[in-house]
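Student: Annotation source TrEMBL lists domain 'EamA' at 19-156, 186-325. Marked as transmembrane segment by TrEMBL: 12-31, 43-64, 76-100, 106-128, 140-164, 184-204, 216-237, 252-274, 281-302, 308-325.
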Amino acid sequence: MVGKGASLLEDVVIVGGLLVAQCVLAGYVVFVDHLLGLGAHPLAIIAVAGVASAAFFLPFAVALERKRWPSKVSGTLLAQLVLIALGGTSAFQELMLLGIKKTTPAVASAMPNLSPGLIFIVAACLRLERFDRACKYTRAKMAGTVVCLVGAMAMSFLHSAASSSSSSSPKEAAAAAAGSYCDWILGCSYLVGAAVVLALVTVLQAATLASFPAPLTMCSITSAMGAAFTAILQVVVEGRFGMGSPKIDATLIAGIVVMGGVVGGSCIVFQAWCLGKKGPLFVSVFGPVQTVCSAILSASLLGHKLSLGSLAGIVLMFSGLYLVLRAKRKETLTLGLGGDHPQSQAYDAEKAAPLLS
């Protein structure tokens, strides 16, 4: 009974924590959209938030996880940490910020919901996920992935670019609308790229935590590495490191440190811990919460609106996400019925696909 009670408490903490984390991250996305509107440089935001996150969590990592550190860092572990830093801290965040700048926070929060379907594709290609075209669960996951992709395309192409009310002629208004539409497509392309990177990094994080069960340490190291890589990139591209606009004062920089480094970093560390406990697909179930919160906050605070095409795309993406997750859940339950079940004999999903269980 004690064991069941502890397990139930852990499940409640995980579910409640993931809900709060998604709401907090939605607030940070809206805050970042405001910064970008003021002219902040995306690379500078990533670097400042990464340094703050690493500095905040390093003492906790030393105090709580030092005994889990390996006596010698292997080349494989070092390569994994570098790839997570390049992908999760630098590439993913840069693509997300570029996407936010050209679309809206709600759309930017919705696009990462492609990741469960993409995770399924990546894991199936690497033989880490059960793939049998004759199995109804595999077909359901494939269908869900396709629906997610169709939803992303709908969000990209069915958006109605509003013409500028300040244009002095119909021709200028049409040119403004065309430019807005092109920016929207480009922004959605950035966000799709971010979803692909997120899927790859999520699988890599889950694999890394299996051999290095220290999420605080992993996040501290990868945040510091990612911040360094990003700062170097800005210096190479811009010739110097800077916030990009004089409007970004000390108060806004403090907001980046607190919201992006400390609070946002706490959410990411908590999600990393949940990855080790429940796997990436379970964590991805809560992605739509961030989309809804972002839509509400951006509409109430920034006056952003979603077109009917974008709303249809979001509905399709959530439907596809539900298909993938439901099929995975049913597959796990069915294959766990016992040794005499034919599918259980054919394939043990818990052993063969631990990353997506």
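Yeah, the Cβs are placed from backbone N, Cα and C, and that goes for glycine too.
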Student: Could you pull out which residues elsewhere in the chain have a CB under 8 Å from any CB of the transmembrane segment (216-237), counting only those six or more residues past its ends?
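Tutor: Long-range Cβ neighbours of the transmembrane segment (216-237): 41, 43-44, 46-51, 53-54, 57-58, 60-61, 64-65, 68-69, 81-82, 84-86, 88-90, 93-94, 205, 208-209, 265, 268-269, 272.
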Student: Cβ under 8 Å to the transmembrane segment (252-274), counting only same-chain residues 6 or more beyond its ends: which ones?
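Tutor: Non-local partners: 14, 17-18, 20-21, 24-25, 27-28, 31-32, 35, 38, 40, 45, 48-53, 55-57, 205, 209, 215-216, 218-219, 223, 243, 282-283.
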Student: Helix, strand, coil: count each for the residues of the domain 'EamA' (186-325), based on DSSP.
Tutor: 118 helix, 0 strand, 22 coil
Student: Provide the three-state DSSP residue tally for the domain 'EamA' (19-156): helix first, then strand, then coil.
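Tutor: Counts, helix then strand then coil: 116 helix, 0 strand, 22 coil.
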